[in-house]
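What follows is one structure encoded as structure tokens, with my remarks underneath.
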Amino acid sequence: MTATIAALSSGAGKAGVAVVRLSGPAVGAALRQIAGGAPTPRMAALRRLRGAAGEEIDRALVLFLPGPASFTGEDVAEFHVHGGRAVIAALIDTLTAIPGIRLAEPGEFTRRAVENGKLDLTAAEGIADLVEAETAGQRRQALRQAGGALERAASAWRAELTRALALLEAEIDFPDEEDVPALFAVATATATRLVGEVEAALAGAARGERLREGARIVIAGPPNAGKSTLLNALARRDVAIVSAIPGTTRDTIEVHLDLDGYPATLIDTAGLRQTEDPVEAIGVARALDRAGSADLVVWLSPADAPADPPDLAVPLLRVATKRDRIDSPPQRCDLAISALTGAGLETLTDRLAQAARAALEGGEAALVTRARHRRELEAMAVHLGRVAAADAATPVEFAAEDLRLAVRAIGRLTGSVDIDEIYDVIFRQFCIGK
Ligand code: GDP
């Protein structure tokens, strides 16, 4: 029998209220044992919760959400208890001592929702993104996806492809030379139209993925230019090691920032210079690699020892640091800052926010928000492209196989084929209780 799963679904740590969620066939038995019976479905009821020996654990709001009209599709109960550690521990211990009930794994509630057909995989990913969303733009994008924006597009594509495929398969099973051109015309017209739609969705992919992950801003420059110091000043907390020894920042350090509502990842790189030290050399190589995929490279060099950046094919902002060390205006830079006096930091933050906005704007409307989506849509476009280019000389079987492979790519996208391998990767990234 399916296990019934229990978990704390609200945040860890002391809080006014904590929500413990239970899903599965043992929900009714659990409610009888600890809450004196199941409350009226979907109505909040104030109940005394009792432990195995009948002792009172807490008084709590209890919700009973019978399946299949619940989030997971199974019987679900929610206990809104006082959010103290001991209360939560006593409730979870009592629940998991009931036969058939165990602790939930990360993402297991959502996984059940997908397995029971309540959500497709892309909507489930939207829920994960909603939990992770740190900025308003990320929240809106995640909400759209959790609401099934990509799911609807995918199911419309699948319906059209299945129809075209059925026509071709009928032709393969009951060959009739005269019908072939007409059937081909339907298949190629469908494929041509869908290639256009898939490519339009892919066009927004970069922004959609960026919005999820944040714009990438790389801080680079020679050792001792003041990169770590700047990062700390920007992040307003001690995240990077600040030291006067060149090459201390051997690897990269990433900090997530909200720049005027636009998410950004600031990446502090190792000193960009030729080096004999193998460990540092790896850091330098990685730094250059990062800089190559950045939305903006902020090139720092000391006002009293200016250095030129390497050639990079990404937007560059040249910043002179340690402005306090020289009297005359610094040379060879777009702006000058001093982490010591705070001069220029506000202008710099504005410039970073502008760069993040430019990299992310338009992302909210994107259907494609993950590399996984992009891969499947690209596969779809390849197969559909072949069908679109088919002519009288193309065997019907070939066109049918390409349509089948395109449908399969949609199946991987929405989680209806190759389920186990995809699910394991995706649900592992969820938090427990979701
Ligand atoms: P990184 O190697 O580029 O990360 O450089 P750090 O941030 O570790 O800074 C190198 C040295 O420069 C440290 O001793 C910092 O205190 C100093 N420094 C950083 N910013 C400033 C600044 O604005 N003014 C002055 N005078 N010193 C600074």
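Cβ coordinates are placed from backbone N, Cα and C, and glycine is handled just like the others.
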Residue in Arg21, Arg374, Arg375 which TrEMBL records at the (6S)-5-formyl-5,6,7,8-tetrahydrofolate site where Glu78, Lys118, Lys434 also bind: Arg21
Structural state of Arg21 ((6S)-5-formyl-5,6,7,8-tetrahydrofolate binding site), classified by DSSP into three states: strand
Rounded distance in angstrom between the Cα atoms of Ser228 (Mg(2+) binding site) and Lys434 ((6S)-5-formyl-5,6,7,8-tetrahydrofolate binding site): 36
Span of Arg21, Glu78, Lys118, Lys434 around (6S)-5-formyl-5,6,7,8-tetrahydrofolate - largest C-alpha separation, Å: 19
Cβ packing number for Glu78 ((6S)-5-formyl-5,6,7,8-tetrahydrofolate binding site), 10 Å threshold: 20
